[in-house]
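Some notes on the structure that comes next.
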Amino acid sequence: MSISKQSTLSLPASGMGDVKQVLGIAWPMILIAIVVSLSQNGQIWILGRNEQSQALYQLSMLQPFHFLFIALLECLTITNQVFSARSTRDWPSKNVIKSTLLLAVAGTVFLSLLAGVSYLFEAPLQTTMGGDTQDLFRQTLPLYLLSLIPLLIFELGNAGLRGQGKTLSSMLLISGFIIINLAVCYVGFVHHQLGFQAVIYANLISASAMLPFSLFMLFRTVNHGSDPQPGAFLPRLFALMTDAGIPIFLSMLIAFASSAVIFPLISQMNTDYAPGFLIVVKLRSLFIIPAVALGSAIAIFVNQQLSAATQESLTRMLSRGMLAISLLYITLTAIVYLNQRSLVDLLANTVAVQQAGYLLLSLLLPTFFLTSMLAATQTMLEQLGRGKRVLIMTLVVESVMVGGILILMQSQGNITDLAHLIVIFNVIYFTIFLREYWLLIKNLRGEDAL
């Protein structure tokens with residue numbers, strides 16, 4: 001993505017004007033992120049109400065495929081969000097409807113094919129990744145993936161709304177989804193003893209109920225004007241997909257590969273470590289998702305102002321944004337440090353899982369800060385034209401980390417060694433991405449940068 005050199009219109013010179021505009025975009029997204037995080041942890045809390053149920057263990061063993069779904073979701077929604085943001089000024093907004101529907105078809109086909117692959121190759125998948133579960137890949141995973149299709153389409157509509165600046169509307173829609181999701185999950189698991197099927201019903205019913213409202217609000221927002229260049233729609237969408245969406249998907253696909261190694265390894269060390277690790281991952285998501293929201297808000301602001309702002313004002317926003325996010329997450333990490341056991345106790349369903357959660361949280365506490373900063377930085381880089389570089393860096397670092405994990409498996413390493421390895425690679429990641437962020441700012445200033 002080329003950065004505009006125009007400086008005919010500057011942002012407010014008050015020093016705080018740009019910050020206020022970004023916060024205006026960000027606050028509903030942050031609330032959405034917190035609500036979504038609470039929803040994910042809410043399902044864990046519900047599944048943890050029954051000590052005899054294997055549902056929490058099943059959810060932990062499905063996490064690699066949940067990460068794969070998130071990779072697809074981020075790829076498509078970021079593409080649609082950036083397309084929608086660019087359509088507020090530069091392109092016809094009416095095309096946001098077409099982009100939403102086209103990306104929805106692509107996502108539906110992908111998830112359907114993945115469900116079919118799981119069913120057809122159940123035997124080898126069960127042997128390598130199934131742990132102590134039964135029919136995980138023949139029945140549970142295919143149904144779980146298909147239940148996520150309405151959620152994918154629902155989020156594509158919300159991404160279009162966020163790109164248009166309708167973040168409050170998006171927040172209300174997602175809040176409704178979360179309430180229905182947790183209510184259905186609780187009733188199904190606690191009152192009808194559906195086990196993990198309660199999660200599948202919750203995903204399907206809640207997203208299907210809110211989907212019509214999302215699409216209607218998007219249609220009402222963007223269905224105006226005409227398109228003087230109808231032939232430019234697909235090239236523009238595919239260019240954004242290539243520049244932002246696909247690199248995001250591939251970088252997160254690499255993370256899927258590493259999680260597909262980590263979860264079975266942890267389960268082999270101790271079956272209680274898998275749900276314990278899941279608890280830590282979900283608690284950390286309370287940090288990561290708001291960080292992504294902040295990074296995305298800054299990126300949306302910059303994308304919307306590319307043709308109307310000075311480079312100085314944009315780089316000032318990027319610099320201040322990084323400093324503010326850093327201070328925020330230092331504070332939040334300190335709060336987690338002071339409340340470690342209470343947080344684990346909220347989600348653990350047995351004493352053994354509690355002990356595993358205590359150990360893993362204490363070992364992985366630095367990643368609460370590091371991973372959140374990585375998520376915010378990566379989001380901004382990917383949406384501001386450096387997605388391909390992020391992909392290459394992610395490929396290299398993740399490949400080395402997976403290699404280190406495999407060596408650890410062969411040498412009979414313990415859970416402490418694994419946690420230390422994860423922390424070390426988080427530090428490496430953060431150092432590399434921080435340098436890339438600095439290069440982005442230099443590029444915006446018109447200075448020589450890679």
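Positions of Cβ are set from backbone N, Cα and C atoms, glycine also.
Quantities reported herein were computed from a predicted structural model and do not represent experimental measurements.
Some features that TrEMBL has for this protein:
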type	residues	note
TRANSMEM	21-39	transmembrane segment
TRANSMEM	59-79	transmembrane segment
TRANSMEM	100-121	transmembrane segment
TRANSMEM	141-159	transmembrane segment
TRANSMEM	171-192	transmembrane segment
TRANSMEM	198-219	transmembrane segment
TRANSMEM	240-266	transmembrane segment
TRANSMEM	286-306	transmembrane segment
TRANSMEM	318-338	transmembrane segment
TRANSMEM	358-377	transmembrane segment
TRANSMEM	389-409	transmembrane segment
TRANSMEM	415-434	transmembrane segment
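At the 8 Å Cβ cutoff, the transmembrane segment (59-79) and the transmembrane segment (141-159) share at least 3 close pairs (sequence separation 6 or more) and count as touching. The stretches the transmembrane segment (286-306) and the transmembrane segment (240-266) are not in mutual contact, being linked by fewer than three Cβ pairs under 8 Å (pairs 6 or more apart in sequence).
Long-range contacts of the transmembrane segment (358-377) within its own chain (CB-CB distance under 8 A, at least 6 residues past either end) are made by residues 273, 276-277, 279-280, 283-284, 287-288, 290-292, 294-295, 322, 325-326, 329-330, 332-333, 336-337, 340-341, 343-344, 415-416, 419-420, 422-423, 426-427, 429-430, 433-434, 436-437.
Within its own chain, the transmembrane segment (141-159) has Cβ neighbours under 8 Å at 62, 65, 69, 72-73, 76-78, 80-81, 84, 100, 103-104, 107-108, 111-112, 114-116, 118-119, 170, 173-174, 177, 197, 199-201, 203-204, 206-208, 210-211, 214-215, 217-218, counting only residues six or more beyond its boundaries. Away from its own ends, the transmembrane segment (415-434) comes close to residues 262, 265-266, 269-270, 273, 359-360, 363-364, 366-367, 370-371, 373-374, 377-378, 381, 390, 393, 397, 400-401, 404-405, 408 of its chain (Cβ-Cβ under 8 Å, at least six residues beyond either end).
Counting residues 6+ beyond its ends, the transmembrane segment (318-338) has Cβ neighbours under 8 Å at 19, 22, 283, 287, 291, 294-295, 298, 302, 361, 365-366, 368-369, 372-373, 376-377, 380, 437, 440-441, 444 in the same chain.
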